[in-house]
Amino acid sequence: MQKSTSKYVIDPISIKTNCSSEESYIRCVEYGKGKAHYRNLILLAKAILAGVFVGVCAHASGIAGGLFYYHKLREYVGISMSAFVYGFTFPIAFLCIICTGSDLFTGNTLAVTTALLQKKLGLLCYMRVMCISLVGNYIGAVAFAFFVSYGSGAFSINTDTSKNHIFQFLNDIAIKKVSHSFIECICLAIGCNIFVCLAVYFVLSIKDGSGLVFSVFFAVYAFAIAGYEHIIANIYTLNLALMISNDISFTQVYFKNLLPTLIGNYIAGGLVLAFPLFFIYRSCYYDYDKMNDELNTVVLKTLSLELQNESNHI
C-alpha cells in the first residue's frame, strides 16, 4: 500500500504546534460532519451539558462581577471593574465545553454549516443537528438558572443596599440587554459569534495545550467584556432575571433580545465566516476528500486480494 503524500492529510501527531490554514478548514468540516453521526438522544445530552456549563460559569461570573458592584465602589469606578471580572471568569465555560466534547449551538453555526456547504451532510440532517443543539442548550441553561442560581438565592433581592449589589448587577445587565433595538441586538450578536466561532477554529487549529487555552480564553473574554450578545449566555441570564426581578417582561426577553440574538449569532457563524472560508478553501477539501476515496479504494482492493489468497490456500 502506497503512503499518501498529500499536503492535506490531517496529522494528529506532529511536532507543529498549529495547523496550516488549509488543514484547519478541513478539520472544521470534519468536526461538523462528525456531529451528524450521533443519535438524537446523544446530541441532546451533549447540548444540555453545554448549556449547564454556560450556566455554571455565567453564575460564577455574575457573583464575581456583583462583588465589585458594591454601591460605594461603583461611585468611583462605575461598572468597569465588574465588567472586567465578569469577562475574566466567563471563558471557563468554553474550556469546559471543549474538554468534555459538549455541543454548543453557536459553535455549530460555523462547523456544521461548512459541512453542509461541502455536501457532507444533507439539509434535513443539518437542521436536526442545529435544532437539537439549540433546544439542548436552552434546557441546560434554564434548568441550571432555576435549580441552582434561583434555588440557592444567590441573586435574590436584598432590602439592605449594602448587600444588594449582586442582585443589582444581574438586574442592570438584564435591563441593558432588553433595552437594545432589534437591529442593534442583531449587530451585537454578530460580533459575539465571530469571536465564539473563532474560538472553535482555534481549537481545531492549535495543537499546543497552553496555546489553545490562551487563544480560547482571550477570544471569549473579548466578546464578554465588549458587551456582545450570546444566545446561550442570554438564555441563562435573562431567564434568571425573569425569576428574580419584575423590571423586565417575558416579551422583552424573548422578542427584544433572544430572537434577534439568535438571528445575529447564526448570521455570524453561518454567513460571515462559513461562506468565505468555504469559498477560499473548498478546493483543498475536495482534494482531501478525493485522496481519502483513493486511499479507501486501495485498502479495499488490498483486503480483497488478501481474502482471495487465503481462500486459495484453503
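First residue shown is number 1, and so on along the chain.
Glycine too: its Cβ is placed from the backbone N, Cα and C atoms.
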Per the topological domains given in Swiss-Prot, are Tyr70 and Thr106 together on one face of the membrane?
no
So which of 48-68, 186-206, 212-232 is most in touch with the transmembrane segment (129-149), counting Cβ pairs under 8 Å?
48-68
Per DSSP, what is the helix/strand/coil residue tally across the topological domain 'Cytoplasmic' (99-128)?
21 helix, 0 strand, 9 coil
What parts of the chain pack near the topological domain 'Extracellular' (150-185), using Cβ distances under 8 Å and only residues at least 6 beyond its ends?
59, 62-63, 65-67, 69-71, 74, 79, 82, 227, 229, 234, 237-238, 240-241, 243-245, 247-248, 252-253, 256-257, 260-261, 264
DSSP-wise, what's the residue breakdown of the topological domain 'Extracellular' (233-260) into helix, strand and coil?
23 helix, 0 strand, 5 coil
